[in-house]
Amino acid sequence: MTVPVLRVRDLVKEYGEGDAKVRALRGVSLDVHKGDYVAIMGASGSGKSTLMNILGCLDIPTSGSYQIDGADVGRLNEHQLALLRNRRVGFVFQSFNLIPRMSALANVELPLVYGGVRQAERRARALAALEQVGLAERVHHEPNQLSGGQQQRVAVARALVTAPALLLADEPTGNLDTASTDDVLRILDGLSAAGRTIVLITHEDDVAAHAKRVVRLVDGQIVEDRRQAPPDGPPPRLAEAAR
Amino acid sequence: MNPFEIVRFALRGLLANKMRSALTMLGILIGVSAVIMLVAVGEGASRSIQQNIQRLGANTLTVSPSFAGGGGGGARGGGDAGPRTQARRLTLDDARALTDRTLAPSVKSVSPVVTAPSATAAYGAASHAIAQFVGTYPSYFEAVNKPVDQGTYFFNDDVQAARKVVVIGRTVAEALFGSADPVGERISVSGVPFTVVGVLKETGSTGTQDADDVAIAPLPAVQQSLSGFGPLNQIVVQATGADTTTAAQAEVTAVLDQRHGVTGGAADYRILNQATLQETVSQATGTFTVLLAAVAAISLLVGGIGITNIMLVTVTERTREIGIRKAIGASRGAILGQFLLEATLLSLAGGVAGVLLAFAGTRFSVAGIQPVLVPSSVVLALGVSVGIGLFFGSYPADRAAKLRPIQALRHE
């Protein structure tokens, strides 16, 4: 078997000191292979957001090891971490987190700017990414001129534009209405069918039904790891639709 | 990442809050323009004082009587004044002795001077109180740098014959004759008739004193009619050149010491040396300029603190944005660069605007002083404003760059 995109071993994260100490993660181990589409489920307080932040290199685990594409994240310095966040990981947040007063296009271009991509290529790639999420005619709108669903699609485009090895989505549909949720999930299904590796967090079964594999977290530990479709095939909903 | 992109981000950040950026810039603007303008005013004042001193005459020594004895007498410092039988005044014989070529080879000309107190000149119905009515020799004109504009000087003949002729300054001419030509007219000075032979070229006012409110007549004529044959008020000595003024001063001192029986420190006269005076004055005005610049520098400092303040607010306000940028791969250097550049652009823009304001401001004269722009002060002020941006911006920028992404993202 090839090197997994994501390899997590005995991940522990503790917050606070002494009596106030909270163990958010109590030894999580997980492998995600290329092309897989994993939904991490759990009630609030189950540690799923903490896990996500660590996977996105935004937070540092208390102990345990974590590899992306074979690179040990714990050994990277600040600069290398920034490079990793830029090149290997695309992050979609629950609250969109677009930069205000910047057009959709500029927001999508931003990771490429930090990646040192030239202006012309940057523009072409950003436009292609926006096209992919169906926002080709809204590229010059600023975030406050877009609906929530559109903003989240811009955020997905921004996460995609660097062609990362791993797409992380932290409750991407948590703040969206049903129609927008469907839009975003359809895009994620499409990406999965195209071979992207996706890890998303949700507490909704409807959302988890889109994934090829569902991991359930309770009190910082994995209690269930269920496969719904093979990692190298299409995601279950698309497969159903094709049938 | 491309430095050009960092500039773009920084500009975008500044333009997002135009009012705030403008007000912050204003602090630096005021500081920079204050530094440049105040230094320019100081320099202008210094130049105008130097000019006024030069206007008094080139390479001249002015000998005047000193009754204080010892102490702070002009060129002659010296120890305690011993008991002295008599302080001698300056006489015409003193002046004659100074013309001795062997004893005083560095002396070019000697002009004894008496000044008549309260001379009121009248011409027809017009009358004018002349501030300075001087009786002297023709060499005086050259020594104190007073060229004639209309008519002529008076000559040695006039002195020997004690003719009552006078050369008047522009102010006096205007007061008595208006626009009419005064040459050849007779005016009465304190009741004594004088014939105007010439009008001095206008020299302009020297601070509070009007250098054109003057009349110059032959020494004996003034003594006979106005001041009496008392002691001289001054002896104006002109040295042969700029490099011989010190030698001339020594010679004059030697001659007068001998004649007045001065031994040790306590001279009964003092010598005002043009060159020494200029040096002293330029030192004083230099101090004055530094003082002005220091005051202005404080306002520049305050402007710099304003930048720190606003950048801290900006960083706090945009903590979430910083978190987003870091989450999508902005390195620490990129964030540091962006905020440092924002601060530097703020202060640089303020600095440039301040320089422009100073260029405009120094075109106007302040309290009679025409400011003179000093190029080095412009360079310095601009350099300091950039330095201030870097220095005062570094703390907020560093704080922004050090933020952990997850903390920044959770910031509300």
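Numbering starts at 1 and runs along the chain as it is shown here.
Using the three backbone atoms N, Cα and C, a Cβ is placed for every residue, glycine included.
According to TrEMBL, the domain 'MacB-like periplasmic core' annotation covers B:21-254. Annotated transmembrane segment per TrEMBL: B:21-42, B:288-313, B:334-360, B:372-395, in sequence order. Annotated domain 'ABC3 transporter permease C-terminal' per TrEMBL: B:294-403, in sequence order.
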For the transmembrane segment (B:21-42), distant same-chain residues with Cβ under 8 A (at least six beyond the ends): 14-15, 285, 288-290, 292-293, 295-297, 299-304, 306-307, 310, 346-347, 349-351, 353-355, 357-358, 361-362, 366, 369, 371-374, 377-378, 380-382, 384-385, 388
Integer average pLDDT (0 to 100) for the domain 'ABC3 transporter permease C-terminal' (B:294-403): 86
For the domain 'ABC3 transporter permease C-terminal' (B:294-403), residues assigned helix / strand / coil by DSSP: 91 helix, 2 strand, 17 coil
